[in-house]
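Colleague: TrEMBL lists 84-266 with the feature domain 'Mucolipin extracytosolic'. Annotation source TrEMBL lists domain 'Polycystin cation channel PKD1/PKD2' at 367-504. The transmembrane segment feature in TrEMBL is assigned to 278-298, 336-356, 368-388, 408-430, 476-497.
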(Lines of atoms letter the chains of each structure in order from A and count residues from 1; the text may use other names and numbers.)
(Lines give C-alpha, C1' and ligand atoms only; values in the text may rest on other atoms or scores of the structure.)
Protein backbone atom coordinates (compact mmCIF):
# COMPACT_ATOMS: atom_id res chain seq x y z
CA UNK A 1 0.00 0.00 0.00
CA UNK A 2 2.81 2.37 0.86
CA UNK A 3 4.60 1.53 -2.31
CA UNK A 4 1.52 2.05 -4.37
CA UNK A 5 0.77 5.26 -2.47
CA UNK A 6 4.25 6.57 -3.12
CA UNK A 7 3.97 5.59 -6.72
CA UNK A 8 0.61 7.46 -6.99
CA UNK A 9 2.14 10.50 -5.33
CA UNK A 10 5.16 10.63 -7.57
CA UNK A 11 3.29 10.06 -10.79
CA UNK A 12 0.03 11.92 -10.44
CA UNK A 13 0.91 14.87 -8.20
CA UNK A 14 2.92 16.87 -10.80
CA UNK A 15 0.26 16.34 -13.43
CA UNK A 16 -2.42 17.33 -10.95
CA UNK A 17 -0.51 20.48 -10.04
CA UNK A 18 -0.08 21.34 -13.71
CA UNK A 19 -3.76 20.80 -14.34
CA UNK A 20 -4.60 23.06 -11.38
CA UNK A 21 -2.27 25.76 -12.68
CA UNK A 22 -3.76 25.53 -16.16
CA UNK A 23 -7.23 25.78 -14.70
CA UNK A 24 -6.25 28.84 -12.63
CA UNK A 25 -4.68 30.48 -15.67
CA UNK A 26 -7.79 29.72 -17.68
CA UNK A 27 -9.97 31.31 -15.00
CA UNK A 28 -7.79 34.44 -14.91
CA UNK A 29 -7.98 34.74 -18.68
CA UNK A 30 -11.74 34.22 -18.58
CA UNK A 31 -12.13 36.88 -15.90
CA UNK A 32 -10.07 39.34 -17.93
CA UNK A 33 -12.02 38.57 -21.10
CA UNK A 34 -15.34 39.04 -19.31
CA UNK A 35 -14.16 42.38 -17.90
CA UNK A 36 -12.97 43.52 -21.34
CA UNK A 37 -16.31 42.52 -22.80
CA UNK A 38 -18.21 44.42 -20.11
CA UNK A 39 -16.10 47.54 -20.60
CA UNK A 40 -16.43 47.34 -24.37
CA UNK A 41 -20.19 46.98 -24.05
CA UNK A 42 -20.30 49.96 -21.67
CA UNK A 43 -18.66 52.22 -24.27
CA UNK A 44 -20.87 51.04 -27.16
CA UNK A 45 -23.37 53.40 -28.72
CA UNK A 46 -27.12 52.61 -28.50
CA UNK A 47 -27.21 50.95 -31.94
CA UNK A 48 -24.30 48.65 -31.06
CA UNK A 49 -25.88 47.78 -27.71
CA UNK A 50 -29.07 46.85 -29.51
CA UNK A 51 -27.11 44.52 -31.78
CA UNK A 52 -25.17 43.10 -28.84
CA UNK A 53 -28.06 42.32 -26.48
CA UNK A 54 -31.22 43.33 -28.31
CA UNK A 55 -31.85 46.06 -25.74
CA UNK A 56 -34.02 48.90 -27.01
CA UNK A 57 -32.33 52.35 -26.92
CA UNK A 58 -34.85 53.81 -24.48
CA UNK A 59 -32.60 56.67 -23.36
CA UNK A 60 -32.01 57.74 -26.96
CA UNK A 61 -35.71 57.73 -27.80
CA UNK A 62 -36.53 59.48 -24.55
CA UNK A 63 -33.98 62.24 -25.27
CA UNK A 64 -35.44 62.82 -28.74
CA UNK A 65 -38.96 63.11 -27.31
CA UNK A 66 -37.69 65.33 -24.50
CA UNK A 67 -35.95 67.73 -26.89
CA UNK A 68 -39.18 68.16 -28.86
CA UNK A 69 -41.53 68.76 -25.92
CA UNK A 70 -39.08 70.98 -24.01
CA UNK A 71 -38.58 73.16 -27.10
CA UNK A 72 -42.36 73.48 -27.52
CA UNK A 73 -42.66 74.42 -23.85
CA UNK A 74 -39.92 77.04 -24.14
CA UNK A 75 -41.44 78.61 -27.27
CA UNK A 76 -44.87 78.78 -25.62
CA UNK A 77 -43.45 80.34 -22.46
CA UNK A 78 -41.30 82.72 -24.50
CA UNK A 79 -44.29 84.06 -26.44
CA UNK A 80 -46.22 84.57 -23.22
CA UNK A 81 -43.24 86.22 -21.55
CA UNK A 82 -42.73 88.45 -24.59
CA UNK A 83 -46.21 89.94 -24.13
CA UNK A 84 -45.46 90.59 -20.46
CA UNK A 85 -42.16 92.31 -21.26
CA UNK A 86 -43.73 94.40 -24.03
CA UNK A 87 -46.52 95.52 -21.71
CA UNK A 88 -44.00 96.52 -19.02
CA UNK A 89 -41.79 98.48 -21.42
CA UNK A 90 -44.66 100.29 -23.08
CA UNK A 91 -46.12 101.30 -19.72
CA UNK A 92 -42.74 102.60 -18.60
CA UNK A 93 -42.55 104.75 -21.74
CA UNK A 94 -46.13 105.89 -21.16
CA UNK A 95 -45.37 107.02 -17.61
CA UNK A 96 -42.37 109.02 -18.82
CA UNK A 97 -44.49 110.88 -21.36
CA UNK A 98 -47.34 111.40 -18.89
CA UNK A 99 -45.41 112.63 -15.86
CA UNK A 100 -42.10 114.08 -17.12
CA UNK A 101 -42.45 117.55 -18.50
CA UNK A 102 -41.31 118.01 -22.13
CA UNK A 103 -39.95 114.46 -22.24
CA UNK A 104 -38.55 113.30 -25.59
CA UNK A 105 -37.74 109.67 -26.43
CA UNK A 106 -34.07 108.84 -26.32
CA UNK A 107 -33.02 111.53 -23.86
CA UNK A 108 -32.09 109.01 -21.17
CA UNK A 109 -29.47 110.43 -18.80
CA UNK A 110 -29.67 113.85 -20.47
CA UNK A 111 -33.06 114.61 -18.90
CA UNK A 112 -32.23 117.02 -16.07
CA UNK A 113 -33.12 120.37 -14.49
CA UNK A 114 -30.76 123.21 -13.67
CA UNK A 115 -32.82 125.92 -11.93
CA UNK A 116 -34.82 125.99 -8.72
CA UNK A 117 -37.97 127.15 -10.47
CA UNK A 118 -37.63 124.19 -12.88
CA UNK A 119 -37.64 121.80 -9.93
CA UNK A 120 -40.88 123.25 -8.58
CA UNK A 121 -42.41 123.33 -12.06
CA UNK A 122 -41.62 119.65 -12.65
CA UNK A 123 -42.94 118.62 -9.24
CA UNK A 124 -46.16 120.56 -9.83
CA UNK A 125 -46.45 119.05 -13.29
CA UNK A 126 -46.13 115.51 -11.94
CA UNK A 127 -48.69 116.06 -9.18
CA UNK A 128 -51.11 117.70 -11.61
CA UNK A 129 -50.89 114.89 -14.17
CA UNK A 130 -51.30 112.32 -11.43
CA UNK A 131 -54.40 114.07 -10.11
CA UNK A 132 -55.95 114.27 -13.60
CA UNK A 133 -54.79 110.83 -14.74
CA UNK A 134 -58.33 109.56 -15.29
CA UNK A 135 -59.02 112.29 -17.86
CA UNK A 136 -55.73 112.30 -19.77
CA UNK A 137 -54.53 108.69 -20.15
CA UNK A 138 -55.51 106.65 -23.19
CA UNK A 139 -54.81 103.40 -21.34
CA UNK A 140 -56.74 101.52 -18.69
CA UNK A 141 -54.69 102.94 -15.81
CA UNK A 142 -56.28 103.62 -12.44
CA UNK A 143 -55.30 104.55 -8.91
CA UNK A 144 -54.64 101.93 -6.30
CA UNK A 145 -57.56 101.69 -3.92
CA UNK A 146 -57.37 100.57 -0.30
CA UNK A 147 -60.81 100.21 1.12
CA UNK A 148 -62.85 103.27 0.22
CA UNK A 149 -59.88 105.62 -0.30
CA UNK A 150 -57.24 105.92 -2.97
CA UNK A 151 -53.54 105.41 -2.21
CA UNK A 152 -51.81 108.79 -1.89
CA UNK A 153 -48.91 110.15 -3.88
CA UNK A 154 -45.82 110.39 -1.69
CA UNK A 155 -43.52 113.42 -2.13
CA UNK A 156 -40.32 113.13 -0.08
CA UNK A 157 -37.01 114.96 0.05
CA UNK A 158 -33.79 113.77 1.70
CA UNK A 159 -31.23 116.31 2.90
CA UNK A 160 -28.40 116.76 5.39
CA UNK A 161 -29.63 117.66 8.87
CA UNK A 162 -27.57 120.83 9.13
CA UNK A 163 -25.15 122.46 6.77
CA UNK A 164 -23.30 125.71 6.29
CA UNK A 165 -21.62 125.86 2.88
CA UNK A 166 -19.55 128.81 1.68
CA UNK A 167 -17.74 128.03 -1.60
CA UNK A 168 -16.44 131.64 -1.77
CA UNK A 169 -14.56 131.21 1.50
CA UNK A 170 -13.81 127.56 0.77
CA UNK A 171 -15.45 126.51 4.04
CA UNK A 172 -18.29 124.21 4.96
CA UNK A 173 -19.85 122.65 8.03
CA UNK A 174 -22.01 119.56 7.32
CA UNK A 175 -23.92 117.25 9.66
CA UNK A 176 -23.82 113.91 7.81
CA UNK A 177 -27.08 112.73 9.39
CA UNK A 178 -29.83 112.53 6.76
CA UNK A 179 -33.35 113.73 7.40
CA UNK A 180 -36.49 113.04 5.35
CA UNK A 181 -39.54 115.24 4.84
CA UNK A 182 -42.61 113.74 3.19
CA UNK A 183 -45.90 115.05 1.92
CA UNK A 184 -48.82 112.82 0.91
CA UNK A 185 -51.35 113.95 -1.68
CA UNK A 186 -54.57 111.97 -2.05
CA UNK A 187 -56.44 112.29 -5.35
CA UNK A 188 -59.92 113.74 -4.67
CA UNK A 189 -62.76 114.44 -7.05
CA UNK A 190 -63.55 117.01 -8.15
CA UNK A 191 -60.05 118.50 -7.98
CA UNK A 192 -59.79 121.76 -6.08
CA UNK A 193 -57.10 123.98 -4.67
CA UNK A 194 -56.08 121.43 -2.02
CA UNK A 195 -53.20 120.14 -4.09
CA UNK A 196 -51.80 123.61 -4.82
CA UNK A 197 -51.98 124.55 -1.14
CA UNK A 198 -50.08 121.40 -0.19
CA UNK A 199 -47.31 122.15 -2.69
CA UNK A 200 -46.95 125.72 -1.38
CA UNK A 201 -46.01 124.24 1.99
CA UNK A 202 -43.36 122.01 0.39
CA UNK A 203 -40.01 123.86 0.44
CA UNK A 204 -36.97 122.22 -1.13
CA UNK A 205 -33.67 122.68 0.79
CA UNK A 206 -31.44 122.99 -2.26
CA UNK A 207 -28.15 123.64 -0.41
CA UNK A 208 -28.47 120.46 1.64
CA UNK A 209 -30.61 118.45 -0.79
CA UNK A 210 -29.67 114.89 -1.74
CA UNK A 211 -32.75 113.86 -3.68
CA UNK A 212 -36.47 114.32 -4.11
CA UNK A 213 -38.55 111.19 -4.64
CA UNK A 214 -42.13 111.04 -5.84
CA UNK A 215 -43.81 107.64 -5.44
CA UNK A 216 -47.26 106.44 -6.40
CA UNK A 217 -48.95 103.21 -7.48
CA UNK A 218 -51.05 102.69 -10.59
CA UNK A 219 -52.98 99.62 -11.68
CA UNK A 220 -53.59 98.24 -15.18
CA UNK A 221 -54.78 95.09 -16.97
CA UNK A 222 -52.92 93.47 -19.87
CA UNK A 223 -55.74 92.80 -22.30
CA UNK A 224 -53.58 91.73 -25.25
CA UNK A 225 -53.40 88.16 -23.92
CA UNK A 226 -57.09 87.70 -24.77
CA UNK A 227 -56.12 87.46 -28.44
CA UNK A 228 -54.00 84.40 -27.61
CA UNK A 229 -56.87 82.93 -25.58
CA UNK A 230 -55.08 83.43 -22.27
CA UNK A 231 -56.55 85.03 -19.21
CA UNK A 232 -55.31 88.63 -18.70
CA UNK A 233 -53.17 89.54 -15.70
CA UNK A 234 -53.63 92.51 -13.39
CA UNK A 235 -50.55 94.71 -12.86
CA UNK A 236 -49.45 97.00 -10.05
CA UNK A 237 -46.92 99.64 -11.18
CA UNK A 238 -44.98 101.21 -8.30
CA UNK A 239 -43.68 104.36 -10.03
CA UNK A 240 -40.70 106.25 -8.58
CA UNK A 241 -39.53 109.60 -9.97
CA UNK A 242 -36.18 110.72 -8.54
CA UNK A 243 -34.56 114.16 -8.66
CA UNK A 244 -30.94 113.20 -7.97
CA UNK A 245 -28.75 115.95 -6.48
CA UNK A 246 -26.12 113.89 -4.67
CA UNK A 247 -23.28 115.39 -6.72
CA UNK A 248 -24.36 119.00 -5.95
CA UNK A 249 -22.97 119.97 -9.34
CA UNK A 250 -25.83 122.28 -10.33
CA UNK A 251 -27.40 119.56 -12.48
CA UNK A 252 -30.26 117.53 -10.99
CA UNK A 253 -30.86 114.40 -13.04
CA UNK A 254 -34.47 113.22 -13.26
CA UNK A 255 -35.14 109.48 -13.55
CA UNK A 256 -38.38 107.51 -13.70
CA UNK A 257 -38.48 103.85 -12.82
CA UNK A 258 -41.18 101.38 -11.89
CA UNK A 259 -41.44 98.04 -10.11
CA UNK A 260 -44.09 95.67 -11.39
CA UNK A 261 -46.21 93.17 -9.48
CA UNK A 262 -48.36 90.73 -11.45
CA UNK A 263 -51.52 89.44 -9.77
CA UNK A 264 -54.46 87.28 -10.70
CA UNK A 265 -57.52 89.37 -11.47
CA UNK A 266 -60.21 88.90 -8.83
CA UNK A 267 -63.25 88.79 -11.08
CA UNK A 268 -63.19 88.26 -14.82
CA UNK A 269 -65.54 87.47 -17.65
CA UNK A 270 -64.67 86.96 -21.31
CA UNK A 271 -67.43 86.79 -23.94
CA UNK A 272 -67.18 86.23 -27.66
CA UNK A 273 -64.09 84.01 -27.33
CA UNK A 274 -63.70 81.30 -24.71
CA UNK A 275 -60.36 81.54 -22.91
CA UNK A 276 -57.94 78.68 -23.32
CA UNK A 277 -58.46 75.98 -20.75
CA UNK A 278 -55.66 76.32 -18.25
CA UNK A 279 -55.58 72.59 -17.59
CA UNK A 280 -54.09 71.74 -21.00
CA UNK A 281 -50.79 73.63 -20.51
CA UNK A 282 -50.65 72.38 -16.92
CA UNK A 283 -50.98 68.78 -18.08
CA UNK A 284 -48.32 69.39 -20.71
CA UNK A 285 -45.95 70.78 -18.07
CA UNK A 286 -46.66 67.77 -15.85
CA UNK A 287 -45.81 65.49 -18.80
CA UNK A 288 -42.48 67.28 -19.19
CA UNK A 289 -41.76 66.89 -15.47
CA UNK A 290 -42.48 63.13 -15.64
CA UNK A 291 -40.32 62.79 -18.76
CA UNK A 292 -37.41 64.66 -17.17
CA UNK A 293 -37.67 62.60 -13.96
CA UNK A 294 -37.53 59.40 -16.04
CA UNK A 295 -34.54 60.69 -18.00
CA UNK A 296 -32.89 61.77 -14.75
CA UNK A 297 -33.35 58.31 -13.24
CA UNK A 298 -32.01 56.48 -16.32
CA UNK A 299 -28.96 58.74 -16.66
CA UNK A 300 -28.24 58.53 -12.93
CA UNK A 301 -28.37 54.73 -13.15
CA UNK A 302 -25.94 54.81 -16.10
CA UNK A 303 -23.56 57.04 -14.16
CA UNK A 304 -23.67 54.68 -11.15
CA UNK A 305 -23.05 51.68 -13.42
CA UNK A 306 -20.03 53.45 -14.87
CA UNK A 307 -18.68 54.18 -11.39
CA UNK A 308 -19.13 50.53 -10.34
CA UNK A 309 -17.41 49.33 -13.53
CA UNK A 310 -14.58 51.78 -12.87
CA UNK A 311 -14.02 50.32 -9.40
CA UNK A 312 -14.09 46.80 -10.86
CA UNK A 313 -11.48 47.69 -13.46
CA UNK A 314 -9.34 49.48 -10.86
CA UNK A 315 -9.43 46.47 -8.52
CA UNK A 316 -8.57 44.13 -11.39
CA UNK A 317 -5.52 46.17 -12.40
CA UNK A 318 -4.38 46.49 -8.78
CA UNK A 319 -4.80 42.80 -7.88
CA UNK A 320 -3.94 41.04 -11.16
CA UNK A 321 -1.44 43.46 -12.69
CA UNK A 322 -0.14 45.23 -9.58
CA UNK A 323 -0.53 48.78 -10.92
CA UNK A 324 -2.77 51.77 -10.24
CA UNK A 325 -5.09 53.13 -12.86
CA UNK A 326 -4.41 56.80 -13.76
CA UNK A 327 -7.17 59.32 -13.16
CA UNK A 328 -7.46 60.01 -16.87
CA UNK A 329 -8.62 56.42 -17.41
CA UNK A 330 -10.87 56.51 -14.37
CA UNK A 331 -12.66 59.58 -15.65
CA UNK A 332 -13.38 57.74 -18.90
CA UNK A 333 -16.07 55.80 -17.02
CA UNK A 334 -17.73 59.02 -15.86
CA UNK A 335 -19.77 60.00 -18.90
CA UNK A 336 -19.88 63.79 -19.03
CA UNK A 337 -22.87 63.75 -21.38
CA UNK A 338 -24.96 62.01 -18.73
CA UNK A 339 -23.88 64.65 -16.19
CA UNK A 340 -24.98 67.31 -18.68
CA UNK A 341 -28.38 65.62 -19.16
CA UNK A 342 -28.84 65.27 -15.39
CA UNK A 343 -28.16 69.00 -14.95
CA UNK A 344 -30.56 69.91 -17.78
CA UNK A 345 -33.28 67.64 -16.38
CA UNK A 346 -32.92 69.19 -12.93
CA UNK A 347 -33.15 72.74 -14.30
CA UNK A 348 -36.12 71.86 -16.53
CA UNK A 349 -38.02 70.24 -13.64
CA UNK A 350 -37.53 73.34 -11.46
CA UNK A 351 -38.44 75.66 -14.35
CA UNK A 352 -41.57 73.64 -15.17
CA UNK A 353 -42.71 73.79 -11.54
CA UNK A 354 -42.21 77.58 -11.56
CA UNK A 355 -44.10 77.81 -14.86
CA UNK A 356 -47.04 75.91 -13.35
CA UNK A 357 -47.03 78.30 -10.38
CA UNK A 358 -46.95 81.29 -12.76
CA UNK A 359 -49.89 79.93 -14.75
CA UNK A 360 -51.88 79.37 -11.56
CA UNK A 361 -50.86 82.89 -10.39
CA UNK A 362 -49.10 81.59 -7.27
CA UNK A 363 -45.83 83.23 -8.38
CA UNK A 364 -44.93 85.93 -10.88
CA UNK A 365 -41.16 85.37 -11.11
CA UNK A 366 -40.90 85.30 -14.90
CA UNK A 367 -37.17 86.07 -14.84
CA UNK A 368 -36.25 83.16 -12.54
CA UNK A 369 -38.42 80.76 -14.53
CA UNK A 370 -36.85 81.99 -17.78
CA UNK A 371 -33.34 81.33 -16.45
CA UNK A 372 -34.16 77.75 -15.44
CA UNK A 373 -36.08 76.87 -18.61
CA UNK A 374 -33.63 78.64 -20.93
CA UNK A 375 -30.53 77.06 -19.38
CA UNK A 376 -32.18 73.63 -19.27
CA UNK A 377 -33.15 73.82 -22.95
CA UNK A 378 -29.68 75.04 -23.90
CA UNK A 379 -28.06 72.06 -22.14
CA UNK A 380 -30.52 69.66 -23.79
CA UNK A 381 -29.60 70.91 -27.24
CA UNK A 382 -25.89 70.84 -26.41
CA UNK A 383 -26.40 67.19 -25.41
CA UNK A 384 -27.41 66.45 -29.01
CA UNK A 385 -23.72 66.71 -29.87
CA UNK A 386 -23.25 63.36 -28.09
CA UNK A 387 -25.24 61.58 -30.78
CA UNK A 388 -23.37 63.43 -33.51
CA UNK A 389 -20.25 61.73 -32.15
CA UNK A 390 -21.47 58.38 -33.51
CA UNK A 391 -20.43 59.62 -36.95
CA UNK A 392 -16.70 59.49 -37.56
CA UNK A 393 -16.25 62.97 -39.04
CA UNK A 394 -18.22 64.68 -36.29
CA UNK A 395 -16.56 62.55 -33.64
CA UNK A 396 -13.16 64.06 -34.50
CA UNK A 397 -14.48 67.53 -33.69
CA UNK A 398 -16.06 66.37 -30.43
CA UNK A 399 -12.90 64.56 -29.35
CA UNK A 400 -10.89 67.67 -30.20
CA UNK A 401 -13.11 69.84 -27.99
CA UNK A 402 -12.87 67.36 -25.13
CA UNK A 403 -9.11 66.88 -25.42
CA UNK A 404 -8.36 70.59 -25.79
CA UNK A 405 -10.66 71.74 -22.98
CA UNK A 406 -8.14 71.35 -20.07
CA UNK A 407 -5.43 73.20 -21.99
CA UNK A 408 -7.91 75.87 -23.06
CA UNK A 409 -8.93 76.48 -19.44
CA UNK A 410 -5.30 76.83 -18.36
CA UNK A 411 -4.58 79.12 -21.31
CA UNK A 412 -7.60 81.34 -20.56
CA UNK A 413 -6.51 81.50 -16.91
CA UNK A 414 -3.10 82.87 -17.89
CA UNK A 415 -4.51 85.25 -20.52
CA UNK A 416 -7.20 86.38 -18.08
CA UNK A 417 -4.56 87.63 -15.64
CA UNK A 418 -3.08 89.87 -18.33
CA UNK A 419 -6.58 90.95 -19.36
CA UNK A 420 -7.52 91.96 -15.81
CA UNK A 421 -4.30 93.94 -15.54
CA UNK A 422 -5.23 95.96 -18.62
CA UNK A 423 -8.79 96.43 -17.28
CA UNK A 424 -7.65 97.93 -13.98
CA UNK A 425 -5.02 100.09 -15.66
CA UNK A 426 -7.45 101.45 -18.27
CA UNK A 427 -10.14 102.15 -15.68
CA UNK A 428 -7.92 104.17 -13.35
CA UNK A 429 -5.94 106.07 -16.01
CA UNK A 430 -8.30 106.53 -18.95
CA UNK A 431 -11.62 106.54 -17.06
CA UNK A 432 -11.75 110.32 -16.44
CA UNK A 433 -11.04 111.04 -20.12
CA UNK A 434 -12.87 108.28 -22.02
CA UNK A 435 -16.53 107.27 -21.68
CA UNK A 436 -15.83 103.61 -22.49
CA UNK A 437 -13.38 103.35 -19.58
CA UNK A 438 -15.65 105.01 -17.02
CA UNK A 439 -16.47 101.77 -15.10
CA UNK A 440 -14.83 98.36 -14.84
CA UNK A 441 -17.78 96.80 -16.64
CA UNK A 442 -17.52 99.14 -19.63
CA UNK A 443 -13.72 98.73 -19.69
CA UNK A 444 -14.08 94.95 -19.94
CA UNK A 445 -16.70 95.28 -22.69
CA UNK A 446 -14.53 97.70 -24.63
CA UNK A 447 -11.39 95.57 -24.42
CA UNK A 448 -13.27 92.39 -25.34
CA UNK A 449 -14.63 94.19 -28.40
CA UNK A 450 -11.10 95.23 -29.34
CA UNK A 451 -9.93 91.60 -29.13
CA UNK A 452 -12.58 90.68 -31.70
CA UNK A 453 -11.63 93.60 -33.94
CA UNK A 454 -14.79 95.65 -33.25
CA UNK A 455 -15.10 99.36 -32.54
CA UNK A 456 -11.38 100.05 -32.85
CA UNK A 457 -11.40 103.45 -34.55
CA UNK A 458 -14.03 105.06 -32.23
CA UNK A 459 -12.09 103.81 -29.20
CA UNK A 460 -8.99 105.64 -30.42
CA UNK A 461 -10.92 108.69 -31.63
CA UNK A 462 -13.08 109.46 -28.58
CA UNK A 463 -10.12 109.89 -26.25
CA UNK A 464 -10.23 113.44 -24.90
CA UNK A 465 -6.97 115.38 -25.37
CA UNK A 466 -7.24 117.53 -22.25
CA UNK A 467 -4.05 115.98 -20.90
CA UNK A 468 -1.31 115.31 -23.46
CA UNK A 469 0.42 112.87 -21.09
CA UNK A 470 -2.73 110.77 -20.64
CA UNK A 471 -3.46 110.94 -24.38
CA UNK A 472 0.05 109.68 -25.15
CA UNK A 473 -0.37 106.93 -22.54
CA UNK A 474 -3.68 105.90 -24.17
CA UNK A 475 -1.94 105.43 -27.52
CA UNK A 476 0.68 103.14 -25.97
CA UNK A 477 -1.96 101.33 -23.91
CA UNK A 478 -4.29 100.60 -26.85
CA UNK A 479 -1.57 99.69 -29.34
CA UNK A 480 0.13 97.26 -26.96
CA UNK A 481 -3.20 95.66 -25.97
CA UNK A 482 -4.31 95.13 -29.56
CA UNK A 483 -0.90 93.81 -30.60
CA UNK A 484 -0.56 91.48 -27.61
CA UNK A 485 -4.02 89.93 -27.70
CA UNK A 486 -4.75 89.80 -31.43
CA UNK A 487 -1.33 88.96 -32.83
CA UNK A 488 0.02 86.79 -30.02
CA UNK A 489 -2.55 85.45 -27.58
CA UNK A 490 -5.29 84.73 -30.14
CA UNK A 491 -2.75 83.11 -32.46
CA UNK A 492 -1.51 80.88 -29.66
CA UNK A 493 -5.09 79.97 -28.78
CA UNK A 494 -5.86 78.93 -32.36
CA UNK A 495 -2.62 76.97 -32.52
CA UNK A 496 -3.57 75.10 -29.36
CA UNK A 497 -6.86 73.95 -30.92
CA UNK A 498 -5.21 73.11 -34.24
CA UNK A 499 -2.48 70.96 -32.68
CA UNK A 500 -5.05 69.03 -30.67
CA UNK A 501 -7.13 68.44 -33.80
CA UNK A 502 -4.11 67.16 -35.74
CA UNK A 503 -3.18 64.80 -32.89
CA UNK A 504 -6.70 63.34 -32.64
CA UNK A 505 -6.94 62.99 -36.41
CA UNK A 506 -3.60 61.16 -36.63
CA UNK A 507 -4.57 58.79 -33.82
CA UNK A 508 -7.84 57.91 -35.54
CA UNK A 509 -6.13 57.35 -38.88
CA UNK A 510 -3.50 55.08 -37.35
CA UNK A 511 -6.05 53.36 -35.12
CA UNK A 512 -3.69 53.37 -32.16
CA UNK A 513 -5.17 53.27 -28.63
CA UNK A 514 -4.76 56.52 -26.78
CA UNK A 515 -4.67 55.16 -23.21
CA UNK A 516 -4.05 52.02 -21.15
CA UNK A 517 -7.80 51.53 -20.82
CA UNK A 518 -8.24 51.51 -24.59
CA UNK A 519 -5.29 49.12 -24.95
CA UNK A 520 -6.90 46.76 -22.44
CA UNK A 521 -10.29 47.03 -24.14
CA UNK A 522 -8.88 46.63 -27.67
CA UNK A 523 -7.86 43.03 -26.91
CA UNK A 524 -11.55 42.11 -27.01
CA UNK A 525 -12.26 41.30 -30.68
CA UNK A 526 -15.89 40.25 -30.23
CA UNK A 527 -18.25 42.08 -32.54
CA UNK A 528 -21.63 43.35 -31.29
CA UNK A 529 -23.35 40.74 -33.48
CA UNK A 530 -21.27 37.83 -32.13
CA UNK A 531 -23.82 36.99 -29.43
CA UNK A 532 -21.18 36.87 -26.71
CA UNK A 533 -22.58 40.00 -25.03
CA UNK A 534 -26.02 38.52 -24.39
CA UNK A 535 -27.16 37.64 -20.89
CA UNK A 536 -29.61 34.77 -20.56
CA UNK A 537 -32.97 35.66 -19.07
CA UNK A 538 -32.53 39.39 -19.80
CA UNK A 539 -35.46 41.13 -21.43
CA UNK A 540 -34.89 43.61 -24.19
CA UNK A 541 -36.43 46.47 -22.28
CA UNK A 542 -35.25 46.50 -18.70
CA UNK A 543 -32.24 45.40 -16.72
CA UNK A 544 -32.43 43.58 -13.45
CA UNK A 545 -31.14 45.83 -10.72
CA UNK A 546 -30.88 43.35 -7.85
CA UNK A 547 -27.38 42.03 -7.07
CA UNK A 548 -28.49 38.40 -6.63
CA UNK A 549 -30.29 38.39 -9.97
CA UNK A 550 -27.31 40.11 -11.56
CA UNK A 551 -24.84 37.53 -10.22
CA UNK A 552 -26.98 34.65 -11.48
CA UNK A 553 -27.11 36.21 -14.91
CA UNK A 554 -23.36 36.68 -15.07
CA UNK A 555 -22.93 33.05 -13.99
CA UNK A 556 -25.31 31.88 -16.71
CA UNK A 557 -23.51 34.08 -19.21
CA UNK A 558 -20.12 32.62 -18.35
CA UNK A 559 -21.49 29.08 -18.57
CA UNK A 560 -22.97 29.74 -21.98
CA UNK A 561 -19.68 31.23 -23.17
CA UNK A 562 -17.75 28.18 -21.92
CA UNK A 563 -20.12 25.83 -23.73
CA UNK A 564 -19.51 27.52 -27.07
CA UNK A 565 -17.04 25.73 -29.39
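Any Cβ shown, glycine's included, is placed from N, Cα and C.
For each feature listed, report its degree of burial, its nearest neighbours and the pertinent distances within the displayed model.
Modeller: Residues belonging to the domain 'Mucolipin extracytosolic' (84-266) score a mean pLDDT of 84 in the model.
Among residues of the same chain six or more beyond the transmembrane segment (336-356), those with a C-beta under 8 A of the stretch's C-beta atoms are 63, 70, 73, 77, 282, 285-286, 288-289, 292-293, 295-296, 299-300, 302-303, 306, 363, 365, 368-369, 371-373, 375-380, 382-383, 386, 402.
Residues 437, 439-440, 443-444, 446-447, 463, 470, 473-474, 477, 481, 484-485, 489, 492-493, 496-497 of the same chain lie 6 or more positions beyond the ends of the transmembrane segment (408-430) yet place their CB under 8 Å from a CB of it.
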Colleague: Below 8 angstroms Cβ to Cβ, which residues of this chain, lying six or more residues outside the transmembrane segment (278-298), approach it?
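Modeller: Residues 58-59, 62-63, 65-66, 69-70, 72-73, 76, 231, 341-342, 345-346, 348-349, 352-353, 355-356, 359-360.
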Colleague: Can you tell me how the residues of the domain 'Polycystin cation channel PKD1/PKD2' (367-504) break down into helix, strand and coil by DSSP?
Modeller: 117 helix, 0 strand, 21 coil
